[in-house]
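Quick notes on the structure that follows.
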């Protein structure tokens, strides 16, 4: 039996366990252990799990896993939290833009007091699918609209769409959006790999904002209300369905740290 040092962070209620793995001591293929750590009854409890690792050319490498133990695609809120973690470790400084590496490529980030700014990768297309829209913002997302988000059965409806054969074996994340104003929306997300609604999804908020702009036009800075708080998305529109300079902004908070016994 050994003890594993962990750190717990959250971004608008989307919570993560992070390990400093710069010494490469953690077995990156131990899905069972990762799932155990993320379990809310038997482990620490989290929507996702991250390893902060060395990168030869950038501040660090972000390795991300869903709570089911599978290594996954980019997580926006996770990215903001690991940026805050790196700052807390003294690896990066506040008010200085830096870069880190992740599964989907290189990201720029900026730490400000109480706010983490994360630059997402460019989006080069939005596809109309049935009664919604599909795009990739570092992770695949289906976006659909509802007039009463509070009453929407996100888990039931989201699970059905997530497992639709159209999206292949890997499936998709599913976002339900209610338009509040010209540059304001509310979003609830069913996340694959968590297989439940999360309190916030960063890549989902980006997907929802870009979809809303794709349909309605308007400004290029949005406020997004999620269960766990509020986020901001800013971007530049190059062409219909083509966007760059996409920034996801919001809080990322340290919750606690500790040691967990592992076999």
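Glycine too: its Cβ is placed from the backbone N, Cα and C atoms.
Summary of the site annotation: TrEMBL records substrate binding at 14, 76, 77, 173, 191, 192, 202, 203. Screening the candidates 27, 66, 95, 212 against this entry identifies 66 as the one listed for that site. Report note: the substrate site is defined by 14, 66, 76, 77, 173, 191, 192, 202, 203, and the residues of the same chain whose CB lies within 8 Å of the CB centroid of those residues, excluding them, are 47, 48, 75, 78, 139, 189, 194, 198, 201, 204. Put simply, residue 75 (active site) is 10 Å from residue 14 (substrate binding site) when counted between their Cα atoms. In the three-state DSSP classification, residue 75 (active site) falls within coil. The binding-site residues considered are 173, 203; of these, 173 has the fewest other C-beta atoms within 10 angstroms of its C-beta.
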